[in-house]
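Visitor: Have a look at this one before I ask anything.
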Amino acid sequence: MSQVLEFERCDLDIKSNKRSHHTEQNGEDRLIVRRGQPFSLVLHLKAGSPEFNPEETSFTLIVETGDAVYMRSETKRQEYVLSQHGLLYRGSATRIHHKPWNFSQFEPGILDICLKILDEGLNVVSDTDQDCSERRSPVYITRVLSAMINSNDNEGVLVGEWAEFEDGVHPSTWIGSGDILRQWADSGPVCYGQCWVFAAVDCTVSRALGIPCRVVTNFSSAHDGNGNLLIEKMYDEDGERLEDPDSVWNFHVWVESWMARPDLEQAGFDGWQVSDATPQETSEGVFCCGPVPVSAIREGELTKKFDAPFVFAEVNADVVEYVKLSTGDFVKFSGSTDSIGQNISTKAVGRDKRRDITHHYKYPEGAIKRNETSTEPALCCAYLCCIEKLLFLKLKYSDYGKVISPDRMIQLTAFVNDKENREYHKAEKLIVLDEPDLEVKLTGEARVGQPLTAELCLLNPLPEALQDCSFTLEGVGLTQEKPITIKYVSLVLQGGLNSTFYFFLKIVRTFGQSWWLLILFQGWGPWLQSRKPRLVSSCHPGRRASLCFWWTSTATS
């Protein structure tokens, strides 16, 4: 008769396991391990229990795991799972700007908030048991997040808004995900978000849950509202845009998540998957989008789950423009086959540089895919004689300064109507105003427990003084989990001159060997902004970090 081993307790070996699984940043009070990687347990026998002899005594632990999100490259895992800061790209295809962002996925309490997001999904309400079973699938998790980061169908994280912001926070003001997620956990949907905010928060939650994720920007991004893979723009005879379901965004932002796709039952679709939390169209009755393989978009495999036709149109749709005549007839006058889906961008691995990944989504314009032949007729060119007349339009700051939005963009459209010959011509120009440079200098070496002075220098580019100015500072593990805003209500910056501000900082804890301090300047209404990430080197690696501020400041012109 075999003897029974009796155990007194089980030691989860938290410190060692969390170090090997790179989850030590989640705190020290509980064990968090990653699927597909070994971990150790220490079992302590009760007093009087038979002695354990490996040659004679055996017992079995059954643990079912798998790793559908495994990424071989350690460098990429550091970037797409462990990195807590990054760059988001906005602007236009010809004027690309980056926006620093703190993802904060390892900040205290964030993991629990991410699990709460899953617990409040629509699928939990409809079938709790099925939801619990499906959580082993990153495809399922990604689709739930796509629906829960917006609040169109539930009490999700963010409320989208593109016009009125008086009763909330303008989307351009956010500089990190942590504050948004904490506000949602405390009081429900947060006002407001737009595409880059939805995507950045989605990226934070995905990384917190162990899914490799990156934020991607598509410039000149199509919104195909009727599913015909065409963007049809309608105008009246005076050039005024008519209401239609289609549109083209100067940029749109989504995320890519790395995972296997066994549900597609066909090889070649593992890897990066597109999902989009911005509520544009419904999918299976819910405002969500994806995940769909990037490779399926490139190859035109539009039957692959989920929402392949919509994403394909975002990067590949043709544009056709019509004028609606007084008779009700439509006249096609312009179009484009190559203006959609330009300079698709994401942050490079291990560097604060932009990486162009347009080739992941589509072949070069005009290229013929392998095993295909061209059926396009040869092009004939005709040269017409015409009279060119140049018209000059001068945009004065006094005209646009008070009405420009925080996006700092001006859309110019010229429409020519020859009613006699029924000929119409249109030209557009998107102007993106540059942010003023914000120079950040640290005077002296950063040391734990020692005061440190940061010098911020800003050049006012406007022909008038700035009032009601503020600086917002945030750093992962630095600002005690919340951004710090310093307002200068009566401060006046003289137009065209530099102004310098001094902040006295004290680093009380350090995490790793470096961290990012992100600084946002606002003045003269919310549209004049400048963001600057500052890499601060630490001399005390391996300890957590926070940054406490006390300030007296001066401004010189």
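Our numbering is plain: 1 for the first residue shown, then up by one each step along the chain.
Glycine is no exception: its Cβ is also placed from the backbone N, Cα and C atoms.
Note that TrEMBL annotation is computational and uncurated.
So TrEMBL has the following annotated:
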type	residues	note
DOMAIN	187-279	domain 'Transglutaminase-like'
ACT_SITE	CYS195	active site
ACT_SITE	HIS252	active site
ACT_SITE	ASP276	active site
Visitor: Just the number: how many Å between the Cα atoms of ASP276 (active site) and CYS195 (active site)?
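Guide: Between the alpha carbons of ASP276 (active site) and CYS195 (active site) there are 9 Å.
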Visitor: What is the number of other Cβ atoms found within 10 Å of the Cβ of HIS252 (active site)?
Guide: 24
Visitor: Using DSSP, what is the helix/strand/coil residue split across the domain 'Transglutaminase-like' (187-279)?
Guide: 18 helix, 40 strand, 35 coil
Visitor: What is the number of other Cβ atoms found within 10 Å of the Cβ of ASP276 (active site)?
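Guide: Taking all protein chains shown, ASP276 (active site) has 30 Cβ neighbours within 10 Å.
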Visitor: Distance check, please: Cα of CYS195 (active site) against Cα of HIS252 (active site), rounded to an integer number of angstrom.
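Guide: That comes out at 6 Å between the alpha carbons.
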Visitor: If you average pLDDT over the domain 'Transglutaminase-like' (187-279), what do you get?
Guide: 95
Visitor: Near the Cβ of CYS195 (active site), how many other Cβ atoms are there if near means within 10 Å?
Guide: 24
